[in-house]
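Visitor: The structure that follows is given in the form of structure tokens.
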């Protein structure tokens with residue numbers, strides 16, 4: 001027959017074209033069967049799969065074909081075209097007959113292979129030498145093709161569909177590749193119950209991301225392998241479908257549907273032996289539906305309803321609502337299994353079950369208190385994720401961090417290495433000097449270097465020894481895990497002799513070795529010097545990782561931090577002059593929180609600062625942020641004068657769905673989601689619209705609020721400070737006189753109750769009245785402001801000395817009880833900073849000069865020299 005492209009599949013025709021090219025490259029006049037065989041071996045993955053299934057070594061067969069081609073006569077130059085040899089013509093006729101026998105529409109790779117197995121020229125001989133005949137080849141082809149027919153020019157995509165587009169969870173469970181599943185018995189039992197139904201036997205696991213939906217299916221796979229399931233599920237194969245692989249590369253319309261149909265056909269043909277698992281099942285809705293093609297869900301529906309296909313789905317609550325509930329016909333074919341977040345206690349049990357796997361992987365030990373800390377701390381401080389996923393991640397990252405420390409050079413050795421390099425450089429420099437002082441220093445250096453080298457050698461030996469001991473433990477744990485898997489496999493295959501031999505012989509011996517090594521390592525740690533390496537993850541490691549993730553300091557207080565917290569009040573007083581009550585209240589709240597005594601379901605503290613302008617309300621907030629986070633940038637400042645309209649509430653928590661800006665989120669909620677540990681300042685709160693306070697009620701009482709997108713934002717690690725000028729006139733009129741303090745306080749509270757609702761005021765921890773500033777306090781503020789100016793002048797290499805009389809003069813010039821410290825700031829700018837700036841620009845001050853400031857009594861202004 002004269003071959004044409006429309007008689008062959010795409011891959012079949014490509015094999016013939018490549019065979020022609022191979023004949024030309026080798027300067028052969030005729031295209032023969034050996035060229036076609038080499039073409040199939042070189043290019044075609046399907047031919048290779050079939051031959052490997054038949055037990056052929058592809059490399060050896062290719063070498064044999066190459067050797068046969070070397071023996072063929074060649075031309076002096078490559079021919080322009082090659083002719084079909086008689087052998088190829090006969091082979092193509094045979095391939096046509098095989099096509100008809102299979103009931104196919106096109107000649108494909110498998111027909112060409114079968115024809116080669118009957119080729120009298122060389123194909124049969126070469127294949128027989130490789131250990132395969134037509135019979136074996138037919139069996140291998142049936143195994144690869146299954147029940148598929150060649151009905152188009154690209155049928156290879158439908159062969160071995162499950163192998164290509166799925167992952168066998170049962171095989172993974174048999175090989176011990178799946179993590180153990182702890183608990184979740186109710187959900188697994190309900191899943192088995194639904195799978196055992198006659199029709200609509202399709203459970204869908206619905207739950208928040210990270211609660212363990214996929215783990216439930218893995219647990220089911222382990223139960224099937226262990227035979228711990230009803231008869232309806234005994235010896236079933238659980239395969240997870242990879243929707244990404246199914247869609248990837250499906251270029252032409254209808255190609256995706258063909259692949260999916262092939263998968264479903266294989267599942268149906270298994271007559272219930274295969275259970276399909278589709279993770280993220282919402283992706284089947286609309287998948288592949290381009291250019292008017294049917295989507296995957298419409299292909300699944302008929303089979304799901306008839307019970308021909310057992311399918312387990314998994315998706316989140318939101319995705320289920322958005323995609324699957326919109327298609328009631330698909331939704332009714334699945335039976336819902338709701339998967340709730342486990343409790344902290346259940347999470348601890350899950351972590352204990354997984355602990356061994358993570359210990360073996362990282363080569364470290366994980367203390368039980370670390371597991372408890374991972375569950376408890378993640379539940380408390382990581383609000384936007386779910387247990388057990390966030391607790392497992394914590395444990396994993398803490399173990400990875402410790403492993404990194406073990407494999408890195410210890411700090412003690414690194415310091416000595418750096419010191420040796422530094423001294424070696426100094427030694428080289430001194431070696432060039434000939435004076436007696438340099439020689440003496442050189443001798444001293446050499447002695448120091450010798451001591452350091454000795455220390456380095458001892459520490460390196462200790463490090464290698466400790467590292468070796470930890471590596472030995474890790475290897476033993478890996479070996480124990482491997483033997484445990486062999487024991488399980490032997491028990492499953494009822495090889496009880498082997499199981500007993502491994503369990504009571506090999507495994508018992510390994511566990512004894514492990515126990516001895518762990519005891520020896522612990523004793524060395526207690527008896528010997530300080531260890532360079534730690535090999536156990538503790539609760540402190542977990543706390544450090546949480547702090548890195550969220551910025552919330554949850555680690556145990558070290559001595560330096562305790563001292564810092566005890567001195568917090570004094571530190572705040574250095575920046576905020578006067579206002580004893582306010583500073584003490586703020587410091588007390590922070591100390592309660594860091595000691596772990598504050599209510600975990602409310603913000604750390606919430607204050608309302610009242611007082612006239614310029615007395616330090618905002619400054620105290622900045623000072624607190626600076627003390628807690630070493631930066632004023634950690635202060636989330638919200639100017640409430642921007643929230644005077646009713647609709648501006650949406651700016652705080654985010655616009656509702658359907659409004660412009662819905663995706664952007666709220667200014668307050670987004671700031672706290674990114675930085676959960678913060679000082680939040682609501683400045684001039686009386687200017688906000690009353691509806692803004694409705695949002696704040698929830699924050700003040702429960703420490704949480706729901707943003708425009710329905711996410712819960714946690715405020716339990718924030719300090720809320722609200723400032724207001726309400727009642728400031730009463731404070732100014734009566735605040736200076738101690739005898740009238742009670743009257744002033746009463747008037748301020750009356751003004752407060754007139755403006756704010758009782759339920760808002762009742763939720764605040766404390767309402768603090770800031771007094772108007774006295775002259776002596778202004779004098780201290782002058783000293784503060786002058787120190788700040790001195791620091792700025794230091795950058796220009798200038799000093800500043802100001803006399804007491806000049807400081808008093810500035811305090812008087814800036815004194816205004818109505819406006820607080822702000823007029824003082826303006827007076828310092830006008831009388832002190834501006835003249836100094838002009839003198840610098842005029843070149844009157846050089847480097848390292850000191851600017852002396854005094855008072856010119858005659859002209860009533862400051863003098864500079």
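Note that Cβ sites are derived from N, Cα and C of the backbone, with glycine treated the same way.
Look at Swiss-Prot and you will find 8-72 tagged as region 'Repeat 1', backed by sequence analysis. The ATP 1 binding site feature in Swiss-Prot is assigned to 207, 208, 209, 210, 211, 212, 213, 214. Residues or ranges marked as region 'Linker' by Swiss-Prot on the basis of similarity to another entry: 342-551. Per Swiss-Prot, the feature coiled coil maps to 392-526. The ATP 2 binding site annotation in Swiss-Prot covers 611, 612, 613, 614, 615, 616, 617, 618.
Walk me through the surroundings of each of these features.
Guide: Sorting the region 'Repeat 1' (8-72) by DSSP state (H, G, I as helix; E, B as strand; all else coil) yields 49 helix, 3 strand, 13 coil.
DSSP assigns residue 212 (ATP 1 binding site) to coil in the three-state reduction, outside any helix or strand. Within the same chain, residues at least six positions away from residue 212 (ATP 1 binding site) with a Cβ under 8 Å of its Cβ are 181, 184, 339, 342, 350, 388, 389.
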Visitor: Only counting partners 6 or more residues apart, tell me which same-chain residues put their Cβ under 8 Å from the Cβ of residue 618 (ATP 2 binding site).
Guide: 681, 683, 723
Visitor: Indicate the candidate from 213, 617 with the smallest number of other Cβ atoms within 10 Å of its Cβ, considering only these binding-site residues.
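Guide: Comparing Cβ neighbours within 10 Å for the binding-site residues 213, 617, 213 has the fewest.
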Visitor: Just checking, which of 209, 210, 614 (binding-site residues) has the fewest C-beta atoms within 10 Å of its C-beta?
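Guide: Minimum Cβ neighbour count within 10 Å, taken over the binding-site residues 209, 210, 614, occurs at 209.
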Visitor: By CA distance, which of the binding-site residues (614, 615, 616, 617) lies nearest to residue 209 (ATP 1 binding site)?
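Guide: Out of the listed candidates, the nearest Cα belongs to 617.
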Visitor: At a 10 A cut-off on CB-CB distances, which of the binding-site residues 211, 615 has the highest count?
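Guide: By the 10 Å Cβ neighbour count, 615 comes out on top.
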Visitor: Around the ATP 1 site recorded as 207, 208, 209, 210, 211, 212, 213, 214, what other same-chain residues have a C-beta within 8 angstroms of the site's C-beta center?
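Guide: Going along the sequence, the neighbours come out as 215, 314, 316, 339, 386, 389.
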Visitor: With every protein chain in view, what's the tally of Cβ atoms within 10 Å of the Cβ of residue 214 (ATP 1 binding site), excluding that atom itself?
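Guide: Neighbour count, Cβ to Cβ under the 10 Å cut-off: 14.
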Visitor: If you compare CA-to-CA distances from residue 611 (ATP 2 binding site) to each of the binding-site residues 207, 208, 211, 213, 214, which comes out shortest?
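Guide: Ranked by Cα distance from residue 611 (ATP 2 binding site), first place goes to 208.
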Visitor: Taking the Cβ of residue 207 (ATP 1 binding site) as reference, which residues of that chain separated by at least 6 in sequence fall under 8 Å from it?
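Guide: Same-chain residues close to residue 207 (ATP 1 binding site) (Cβ under 8 Å, separated by 6 or more) are 213, 316, 317, 338, 339, 340, 341.
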Visitor: Rounded to a whole angstrom, what is the C-alpha distance between residue 617 (ATP 2 binding site) and residue 208 (ATP 1 binding site)?
Guide: 43
